[in-house]
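One structure is given here, and the rest of the page talks about it.
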């Protein structure tokens with residue numbers, strides 16, 4: 001039982017990690033003179049889009065998300081609209097938090113918002129795919145001992161890692177090295193992506209390591 | 001010996017402060033200064049020594065040179081001229097060096113090999129220490145006796161082109177100047193073209209006596225690409241061109257009947273193999289010094305250049321131009337320059353230089369009699385006197401010149417010995433004192449860490465095994481060892497350290513204390529290890545569970561300490577604190593959410609909290625928001641949720657109020673906007689609002705009398721600001737001339753003292769009260785009154801645009817106390833760490849930075865007609881550290897009005913001591929390791945002073961804690 005779930009999750013994570021790679025390579029192949037530093041926003045949106053597509057494909061189409069009771073079209077549509085709304089709200093939330101952390105309010109607002117989009121893709125989108133637009137479920141998963149399945153634990157780990165990665169990515173900014181990756185928001189978005197990849201890698205390993213201690217009550 | 005946590009913390013901080021003071025004394029050598037405050041004058045020169053007869057001549061020997069051109073090339077390393085690259089890139093200069101009429105030397109610069117101290121060294125002849133550099137940040141002009149001042153004073157006309165450091169150091173000294181800024185390191189052509197473009201016209205004129213050129217380009221190239229870059233060659237060729245131009249126009253073409261001219265080529269410091277400078281490696285220290293003048297004999301071959309000190313140029317130039325040598329110069333003249341003068345004049349030059357050095361030695365070294373150089377000089381002076389007698393008598397034999405040569409040699413030896421003795425005291429770290437201080441504070445830190453479980457236990461008592469220490473053998477062995485090391489170090493020949501110059505009784509007491517501390521440490525560590533062993537046999541699993549908040553607090557404290565190793569993070573330390581504070585607020589927000597959303601389902605908890613509420617109401621404690629603000633339990637939840645968010649918003653606003661640091665300090669901020677004159681109305685409105693908010697927030701805990709006093713005081717603050725002219729007064733009709741506002745400030749001071757007095761009276765009264773509950777209530781009120789007195793004083797001292805900072809500080813304190821710390825049951829340690837972080841952040845919110853220049857000195861004049869040292873220093877320190885002090889004071893008030901405060905005051909004072917010790921101690925160790933770093937005096941040294949000052953402030957706070965904690969022991 002454990003082995004099967006962990007293997008499934010590992011392959012899903014491998015797909016996601018691959019999508020990050022594809023997202024990084026795509027601008028290099030299609031757009032001329034593109035580099036991660038120079039045309040950072042292109043890279044950022046390309047990675048976000050790839051992750052989003054793969055996430056939706058893996059979790060929604062393959063049916064890992066909880067089965068819905070009602071199966072009418074209107075219900076599905078309302079869920080879709082609510083999901084989009086939540087995603088937008090989460091972008092705004094991340095934007096606000098980043099500004100509170102000291103990002104300039106008006107200058108380079110586009111860069112700040114792009115970072116917020118990336119962060120939302122890495123965190124909120126996964127929640128939306130796996131839990132649906134259901135705030136109660138989110139609160140349950142992200143409170144202490146709230147995980148009810150392996151997928152919940154992996155969600156906790158990847159989300160935490162992404163946010164912590166972005167947090168750590170802000171540290172090199174005050175250094176006076178004048179490097180191209182110190183420009184706002186490159187170090188933060190790179191940190192978030194790195195954190196996300198670390199989370200993808202760490203989640204199966206961690207769960208496997210702790211499989212004795214992990215007990216999911218309601219399962 | 002059992003000590004309560006607070007006493008223990010105060011003891012640790014006091015000891016630490018002593019250690020830091022000792023360290024600072026060793027780190028910043030005391031500059032050598034002549035006791036005379038005025039500058040040297042020609043009339044002060046000693047008479048020529050003649051045995052037997054009255055001194056007949058006090059006249060100075062005539063000048064040797066007419067005009068002087070000094071070409072200073074920044075970062076000119078000796079091998080750029082004397083080495084192979086000199087041959088390739090500076091052919092003209094090299095030709096002059098090898099076969100022209102010139103003298104060449106290698107001049108050794110002293111660390112810090114940075115431009116400004118080097119310029120000071122070249123002009124004053126002294127060796128500026130780090131403390132000089134730090135303390136003179138505000139007064140830019142060089143006030144010390146120096147060559148340029150002397151030259152200007154005797155009517156020489158000086159022209160300067162080059163680095164604008166000179167213009168700042170010597171305002172009004174130059175007949176004509178054009179300063180280029182060295183700010184843009186990446187520019188290495190424009191800076192030099194700006195100098196050279198004046199050259200042709202200036203060289204044609206003859207209305208100047210001294211021309212100084214300071215070229216920066218080479219230094220900039222070094223910083224960009226190092227000493228082996230391809231850019232160096234063209235730059236040296238350019239410099240060679242400049243030398244050629246000057247040489248052909250000034251040196252070779254001179255008018256008949258005038259004295260020869262002199263051209264000096266020198267560097268201020270070298271550059272290391274990576275192109276930087278500041279340290280003390282050979283490549284950074286060795287600079288070329290080439291003196292070119294037709295007065296010198298033409299050379300056949302170059303030979304090895306003689307090594308001299310950089311400061312030797314000062315007395316040489318002074319004597320060659322017939323100027324008095326500047327007082328604090330430690331240089332000795334370069335004899336080769338004076339070779340052509342007559343023997344009598346040569347002796348006279350040496351005598352003047354020796355006299356100046358000996359009087360400086362007498363002033364700076366109490367044991368000057370024992371110095372070899374001083375005795376040698378006395379002997380040489382006597383021999384000089386008898387030679388003069390023979391000379392005056394008209395004796396002109398071969399013997400006379402032989403004697404003269406002997407005297408000359410004696411003089412030179414004396415000069416060298418005296419100069420060496422003087423410069424040994426300077427520019428050198430007193431490592432022994434630094435080590436003693438460092439070991440002391442390191443021991444204290446280990447002691448604090450070892451005592452953590454006991455100090456934070458429910459008893460809040462630390463058991464120091466002192467008694468066993470004093471009877472143990474290792475203690476006596478350590479004392480013996482320490483004393484022998486002390487004697488050994490102090491009697492060794494080179495020692496000139498502060499710790500040795502202390503009275504031996506004091507030093508011995510220090511050694512005993514340090515040994516006892518060490519033994520205590522070992523004993524405590526052993527006890528702890530034993531306990532851990534026992535525990536492990538009993539329970540294998542650890543009982544420590546850390547919440548996310550604890551992890552954050554730990555990581556933040558350690559991460560901040562580690563960040564101090566980087567100069568950028570020191571410059572931008574405020575960013576670290578803002579970042580940590582934001583994260584803290586978010587973590588708190590998460591905790592609040594968890595409490596109000598997730599745990600609501602567990603009804604038991606809810607009931608419990610209701611129960612808590614009711615008990616609080618019954619007791620009538622002053623802290624229930626339900627009773628106090630008229631808030632219902634439901635809206636309390638929303639207020640609690642909003643508090644961290646409001647705090648975040650406040651912090652973001654304050655962050656853009658004052659830009660500090662270095663990299664982004666130039667960006668426009670709100671305070672500039674508010675102070676810009678056009679927006680006076682906004683500033684006035686903001687001040688009024690802030691003052692109102694301050695009154696509303698502070699008055700709640702005070703007695704009626706204090707409330708009225710506070711209101712009047714805050715009115716006084718506003719009228720003071722109006723009188724000074726920073727805000728508008730609504731009913732001020734006539735455009736009054738700006739006054740100093742002394743009367744208004746005195747008015748406020750009266751209320752501050754009044755409120756403080758009431759508070760202290762309440763505190764004292766509560767000690768003698770019989771009823772426990774009444775006593776506690778009175779004490780709490782007294783504390784809040786002391787707190788409001790402080791707030792009023794801060795409101796007076798803060799500039800008008802900073803009043804919102806104070807208001808936000810009070811708002812956050814009130815909200816956090818009401819809804820967060822109390823509701824979420826944070827323990828004393830957590831609350832203390834949060835207070836400490838907030839205090840640090842507010843230190844930077846008010847516009848401070850780790851640069852001495854941001855200290856607002858004008859605060860020292862509030863309410864004073866003229867500068868009075870003691871109150872000015874106190875007020876400046878108080879207003880600089882207002883943020884940390886207010887938060888610490890709030891912590892005392894908050895903890896005292898809590899119910900379970902039995903041990904919390906002890907815990908929190910211990911936490912304060914630990915939180916201050918960790919960064920201070922580690923920073924001091926870092927600074928010791930980085931003492932030859934390029935930025936040691938510009939970044940690390942000011943921060944060191946800030947750390948020391950902060951420790952002092954924390955000690956004062958801890959003593960206050962201890963005092964407040966005392967009655968717990970008396971009345972359980």
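Here the Cβ of each residue, glycine as well, is placed from N, Cα and C on the backbone.
TrEMBL annotations:
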TRANSMEM  B:431-452  transmembrane segment
TRANSMEM  B:464-485  transmembrane segment
TRANSMEM  B:505-530  transmembrane segment
DOMAIN    B:635-953  domain 'GPI ethanolamine phosphate transferase 2 C-terminal'
TRANSMEM  B:681-698  transmembrane segment
TRANSMEM  B:710-731  transmembrane segment
TRANSMEM  B:743-760  transmembrane segment
TRANSMEM  B:833-853  transmembrane segment
TRANSMEM  B:873-897  transmembrane segment
TRANSMEM  B:909-932  transmembrane segment
TRANSMEM  B:944-964  transmembrane segment
>> Please tell me whether the transmembrane segment (B:944-964) and the transmembrane segment (B:873-897) touch - that is, whether there are at least 3 C-beta pairs under 8 Å between them, with each pair 6 or more apart in sequence.
In response: yes
> Going through B:681-698, B:710-731, B:743-760, B:833-853, B:873-897 one by one, which has the most CB pairs that fall under 8 Å from the transmembrane segment (B:909-932)?
Replying inline: B:833-853
> What else in the chain is close to the transmembrane segment (B:873-897), if you only count residues 6 or more beyond its ends and a Cβ gap under 8 Å?
Replying inline: 621-623, 701, 779-780, 783-784, 786-787, 790-791, 793-794, 797-798, 805-806, 809, 813, 817, 821, 828, 831-832, 835-836, 838-846, 848, 855-857, 859-860, 862, 904-905, 908, 912, 949-950, 953-954, 957, 960-961, 964
>> Within the domain 'GPI ethanolamine phosphate transferase 2 C-terminal' (B:635-953), what mean pLDDT does the predicted structure show?
In response: 86
